[in-house]
Amino acid sequence: MRLVFAGTPEFARIALDALLAAGHDVPLVLTQPDRPAGRGLKLTPSPVKQAALAAGIEVAQPRSLRLDGRYPDEAAAARAQLERVAPDVMVVAAYGLILPQWTLDLPRLGCLNIHASLLPRWRGAAPIQRAIEAGDAETGVTIMQMDAGLDTGDMLLERAVPIGAQQTAAQLHDELALAGGQAIVDALAALGQGGLAPRRQPDAGVTYAAKLDKAEAALDCSLPAAVLARRVRAFNPVPGATIRLPGLDDPVKVWRAQALEQAAGGPPGAVLRADAQGIDIATGQGVLRLLELQKAGGKRQPVDVFVRGWQP
């Protein structure tokens, strides 16, 4: 099947690799423009662009696909490239640009999206993090026929993935990326044989995964410890949960924490204990034990190392 692939981060790169390994013809890739990265803020290509160039695939990087937007010339050039390629399907995975109607209509079989949740739960920008934050027992990937709405299109295939009790967003991301790559390969194989029946998303159970905000990173110790522990996992590695500790001017990043089912024994935010076993923080309900931390400008440290250089 002749495909155009549109995606940007590592999640999408894994899907592109899976499509190429399955033997699909991918003559064109769309990805976001190169961005400054690292301490030197050097312009860096996306993981998808790097993979495409390594495979000898043509790459387009329009800043917008809207013909009536801020970059109409770039959108028109991308449209000309797509029309020349004449794809059967466009596969979209974490691309980062809104697809206007002309884009949805151009491929013979439309545009298929790899979404990192079991729709209609967690439509939107941050489904992996929000699933962990909410305490969901499972999530998954959905292959969806794209329409003009926000993750509202008909579902073609779903694959459920359990969420581990201590699993971080980074770990779940990697698992879902692999599941998504296999799911899109399976979906295209079934689609080519006429074996996929689109299913309308149910009206019940719709939730939205709002984009992550840096302000959310600061742990509010008036919340229950269980909620805070989930946020530590959900925000690992980005934006990274933080907490303020006495004696330190800057917030400390929390990489790993555990909720203890015991009485707080102090006002929210109070340090109840600090030793090699952990730093116990009183919360609105229960105790949050900090297990791995990082001072501003420092390195990640297990708590037994951290406490040797800090006293409350």
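Each residue, glycine too, has its Cβ placed from N, Cα and C.
The (6S)-5,6,7,8-tetrahydrofolate binding site annotation in Swiss-Prot covers SER117, LEU118, LEU119, PRO120 and is backed by sequence analysis.
Shown on the structure are the features that Swiss-Prot records.
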residue: SER117; record: (6S)-5,6,7,8-tetrahydrofolate binding site; contacts (Cβ under 8 Å, 6+ apart): ARG123, PRO127, ILE128, ALA131, THR139, GLY140, VAL141, THR142, ALA209
residue: LEU118; record: (6S)-5,6,7,8-tetrahydrofolate binding site; contacts (Cβ under 8 Å, 6+ apart): GLU138, THR139, GLY140, VAL141, THR142, GLU158, ALA160
residue: LEU119; record: (6S)-5,6,7,8-tetrahydrofolate binding site; contacts (Cβ under 8 Å, 6+ apart): THR142, MET144, ASP151, MET155, GLU158, GLN201
residue: PRO120; record: (6S)-5,6,7,8-tetrahydrofolate binding site; contacts (Cβ under 8 Å, 6+ apart): ASP151, THR152, GLN201, PRO202, ASP203, GLY205, VAL206, THR207
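A Cβ within 8 Å of the Cβ centre of SER117, LEU118, LEU119, PRO120, the residues given for (6S)-5,6,7,8-tetrahydrofolate, is found for these other residues of the same chain: HIS115, ARG121, TRP122, ARG123, PRO127, GLY140, THR142, ASP151, MET155, GLU158, GLN201, GLY205.
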